[in-house]
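Student: Pulled from Swiss-Prot, these are the listed features:
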- H67: active site, proton acceptor (ACT_SITE)
- E56, E60, D200: Mn(2+) binding site (BINDING)
- D68, G83, D85, S87: Ca(2+) 1 binding site (BINDING)
- C24-C36: disulfide bond (DISULFID)
- C35-C310: disulfide bond (DISULFID)
- C54-C138: disulfide bond (DISULFID)
- C274-C340: disulfide bond (DISULFID)
- C362-C369: disulfide bond (DISULFID)
- N97: N-linked glycosylation site (CARBOHYD)
- N152: N-linked glycosylation site (CARBOHYD)
- N238: N-linked glycosylation site (CARBOHYD)
- 1-21: signal peptide (SIGNAL)
- R63: site 'Transition state stabilizer' (SITE)
Amino acid sequence: MAFKSLIAFVALAAAVRAAPTAVCPDGTRVSHAACCAFIPLAQDLQETIFQNECGEDAHEVIRLTFHDAIAISRSQGPKAGGGADGSMLLFPTVEPNFSANNGIDDSVNNLIPFMQKHNTISAADLVQFAGAVALSNCPGAPRLEFLAGRPNKTIAAVDGLIPEPQDSVTKILQRFEDAGGFTPFEVVSLLASHSVARADKVDQTIDAAPFDSTPFTFDTQVFLEVLLKGVGFPGSANNTGEVASPLPLGSGSDTGEMRLQSDFALAHDPRTACIWQGFVNEQAFMAASFRAAMSKLAVLGHNRNSLIDCSDVVPVPKPATGQPAMFPASTGPQDLELSCPSERFPTLTTQPGASQSLIAHCPDGSMSCPGVQFNGPA
């Protein structure tokens, strides 16, 4: 696939970093003195919120990076929003109350204290850097580019700029194009984030419903499992933005898998189906594609040439598990619903077991893993 050759070139170019030119107070050598402030911030985020895990608190901050950045519109102009500008944190009683941001108040309230503690760092930089640190805890994730120097925004974004799971593919693609000229390939690439994501508000009867069977690992399972025949719902049925899932079984806090209507639609639309299918069992390709698309998303509203490359202070992510994509137990090739005849589907094995396995609620496999939740204005 031509996309894969292009992404491989981009990944190689991104690996070439400038030689360190500054020494931070802790002795770390970095490419620019301005990057030093992010070293204690990363440590603070890990110790206070993430605990070095790809858990719910990390998932929520990764979601925040997208919701903060996509709030920009080329057609509506500057009054609509400033993109990756930290406005979620700066206007916590405004944007978190938009329906598309339902549930984002947790991550907003968790990050607000860091604005005071690390007050040389803008809210805009805090959001994107926190997301990069959060993602580094997810095995298989790429090390994201991080550019520092975004100024804070002085106005909140308007409502209606965040894509929602009930939106049509046409509306989603138009929104991304209007936000920053994103291509369908880049849109699907960004949805690799759903491999480490869960939903709390789509179905109000359940919490932390994962989008694939491995929600604590950045892998291609989500691209496989969205292509499997839906058989039920993890909670109640007929929720806006949700369609039947192939793995709805849950027990206690181990919630069954949820399938978003928008993911299902993108996996089958002629404009995006082959892109979606092409990520199945292509871990390195998916990770590199996501990194490239995130590099574009994270600077919406800014001139990247005016920012400082501080990628060298982003923690090195945990390595991939090495586990290939597999059909979950109780499913197999007979359950595939494919919409791309031109993309060869890989030969995959099936996990052992005659019935669906429960999806663990916590990274360590347990049912109880209390998260961090600060009180705040959002």
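Placed from the backbone N, Cα and C atoms, the Cβ positions cover glycine too.
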Student: Using DSSP and collapsing to three states, where does C340 (disulfide bond) fall: helix, strand or coil?
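Tutor: Its secondary structure by DSSP: coil.
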Student: Taking 8 Å from the centroid of the Cβ atoms of E56, E60, D200 as the cut-off, which other residues in that chain fall inside it around the Mn(2+) site?
Tutor: D57, H59, R63, G103, D106, S107, R198, D207, A208, G371
Student: Give me the CA-CA distance between D200 (Mn(2+) binding site) and N238 (N-linked glycosylation site), in Å, as a whole number.
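Tutor: If we compare the Cα positions of D200 (Mn(2+) binding site) and N238 (N-linked glycosylation site), the gap is 16 Å.
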Student: Which chain-mates of D85 (Ca(2+) 1 binding site) that are at least 6 residues away have a CB under 8 A from its CB, listed by sequence?
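Tutor: Listed in sequence order: D68, A123, A124, R150, P151, N152, K153, G301.
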Student: With H, G and I counted as helix, E and B as strand and the rest as coil, say where DSSP puts C35 (disulfide bond).
Tutor: helix
Student: Would you count the other CB atoms within 10 A of the CB of the residue listed as 'active site, proton acceptor', including those on all shown protein chains?
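Tutor: The residue listed as 'active site, proton acceptor' is surrounded by 22 other Cβ atoms within 10 Å.
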Student: Name, in the order they occur in the sequence, the residues of the same chain whose CB lies under 8 A from the CB of C138 (disulfide bond) and which sit 6 or more residues away.
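Tutor: When sequence neighbours closer than 6 are ignored, C138 (disulfide bond) has C54, A58, V196, F216, T217, F218, P317, K318 within Cβ distance under 8 Å.
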Student: Please classify the secondary structure at G83 (Ca(2+) 1 binding site) using three-state DSSP.
Tutor: coil
Student: Where the distance is taken from Cα to Cα, which of the recorded positions C36, G83, C310, C362 turns out closest to E60 (Mn(2+) binding site)?
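Tutor: Considering only the listed recorded positions, the nearest one is C362.
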Student: Cα-Cα separation of C24 (disulfide bond) and C35 (disulfide bond), in Å?
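Tutor: Between the Cα atoms of C24 (disulfide bond) and C35 (disulfide bond), the distance comes to 8 Å.
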Student: Looking at the recorded positions E56, H67, G83, C310, which has the shortest Cα distance to C369 (disulfide bond)?
Tutor: E56
